[in-house]
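Please read the structure below before turning to the comments.
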Ligand SMILES: Nc1ncnc2c1ncn2[C@@H]1O[C@H](COP(=O)(O)OP(=O)(O)OP(=O)(O)O)[C@@H](O)[C@H]1O
Ligand SMILES: [Mg+2]
């Protein structure tokens, strides 16, 4: 009798999930499949007559192209460096705001402001700030320097804008992790002889590991798809393109649907690999 | 091994609450002292001040003669067992117990030896590789004890270490803790709100009430000579009968009749305290008695508890104090007692066993 009921309930559950599943397939599954199909075709809108199935030839073109690899390198660099800085800064902000007793609400709100500003608007703010002649930050540099026109300084500024923008998000995620560490464990650790730093590394960090992993995963996936900041600050000039930027330039600017789609699929694969690594390599060792 | 001295120690929280007021207490080396009192009376606060987890607002704390007010917990060489056990969930039992030793940078073989020894003492050897999540409540409690004893500290502090266990296990662990403390001879301060635990465990008991120490002494002394109404009502189970009484020439007039007493020097109104176990249903030579209908009779096997209810009114406005409504009397009788529920019984008591308290100050006038 219970088995029968179980079966009935399970069937009902499937029915209830069905609409959401169908919508998900329609709005995400189909575009993904469609770009994959496009990536297997020669599909350059400048030569609409010249379309045909060409197998993996687009992949060979992209993967054999130094521009793609430069963009891939820039993306990886920006991702790793900005996420690393965000993790450290975010942790500091989280620890400070978590310990704040007076005006905790106000402090948290203030810290979150950069995250609330539209990325493009903030990016223009940074761009003007670094523009020689008018920018308040450029004015601090020696006369004649235009940081956004050289690769290394431009990438540094991109990272700065990225860090400024998303550290609050990181801090917010880490704060929820901090809340999971029971106060009494920290008291026990101080009784056991741990100083502040040992309490942090031996108790807080291990217990926060799941929260840290989630924060890192979110931010890494996000940072790998970086677009707005670069689009506004350099638009990919001086070899500062990210993979999303060159995919956009090929797809929209170059009207080459085949190559653009190939790049999108490659980005999707990279993102999937990152997620897989996080979950399998780090996630397996998480406590609980 | 250490002597702990609290010299006029007080605690005021930033919000203005005075949680602990002027405690003076000397805990001798190897002594087992119990802090007991109702919820919110400042037991944990006192313990945390000794531990260094709470700052001391005024007064001085000395361990082995040295002022330690300003020392961090880790520099006081004191171990603590928490009510929730506070085991580190990401470490195995072995790592939990080794944690204080690893922090102290002891060589690995020594750590292993000490952990092994403590595990044996607490019967944890088979569990060393488990995580706390996979242990029963009693096992977790033992791990918490193990983590405290491995590093052989100057003193143990325990904050209601048994309150999360079921009744049977609590009794069992109570005796193990007492045995362990005797064996190790480490100065121990133990917090509980359970008076049975307090009476059975400690060399001395400190009774607290709203941040003030009421009485300090060995269990028998608190039982035999309670300093005031609070202690009288707190120690003993069932608790002492506290009856409002008018002082006349022939004795103390209460709801159970006149208690013979040479009333010289007493205020006109007092509270008479009689322990339930002071009553018996056979005649006492030179004793007093009262007769009333047994309201409820509880047979506990080794004893019978009889409840009597009296109509108030005669005692007027003096009836009913903070320590009981004055209308109910409890007696603890021999299991062979012939008392029956709903039938009248005559109970005898020795007037010399009656405590007399000042109703305003609560002070015991007979102790
Ligand atoms: N951080 C704090 N700020 C203000 N008041 C506090 C704080 N901690 C405790 N108190 C107050 O101090 C008093 C004593 O608290 P304490 O925790 O020492 O009680 P306790 O005797 O351990 O009680 P329990 O048996 O319930 O654990 C209580 O009135 C409590 O409300
Ligand atoms: Mg407490």
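Cβ coordinates come from backbone N, Cα and C, glycine included.
Any TrEMBL annotation is an automated prediction that lacks curation.
Positions annotated as domain 'ABC transmembrane type-1' by TrEMBL: A:72-278.
TrEMBL lists A:12-37 (among others) with the feature transmembrane segment.
Taken from TrEMBL, the feature transmembrane segment applies to A:67-98 (among others).
If you look up TrEMBL, you'll see A:105-126 (among others) marked as transmembrane segment.
Per TrEMBL, transmembrane segment is recorded for A:154-182 (among others).
Beyond the transmembrane segment (A:203-221), the same-chain residues lying 6 or more positions past its ends with a Cβ under 8 Å from any Cβ of the stretch are 79, 83, 86-87, 90, 166, 169-170, 173-174, 176-178, 180-181, 185-186, 189, 194, 271, 274-275, 278-279, 282-283, 286-288. Taken from TrEMBL, the feature transmembrane segment covers A:203-221 (among others).
Per TrEMBL, the feature transmembrane segment maps to A:266-286 (among others).
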Spatial neighbours of the transmembrane segment (A:154-182) far in sequence, C-beta under 8 Å, 6+ residues away: 74, 77-78, 81-82, 85-87, 89-91, 93-95, 97-98, 108, 111-115, 117, 119, 122-123, 126, 130, 147-148, 203-204, 207-208, 210-212, 214-215, 218-219, 222-223, 226, 229-230, 233-234, 237-238, 240
Chain residues outside the transmembrane segment (A:266-286) and at least six past its termini with a C-beta under 8 angstroms from it: 32, 59, 62-63, 209-210, 213, 216-217, 220-221, 224-225, 243-244, 247
Within-chain partners of the transmembrane segment (A:105-126) [C-beta distance under 8 Å, separation at least 6 from its ends]: 93, 97, 157, 160-161, 164-169, 171-172, 175, 228-229, 231-233
Remote residues contacting the transmembrane segment (A:67-98) - C-beta distance under 8 A, at least 6 residues beyond either end: 104, 107-108, 111, 155, 158-159, 162-163, 166-175, 177-179, 212, 215-216, 219-220, 223-224, 226, 236, 239-246, 263
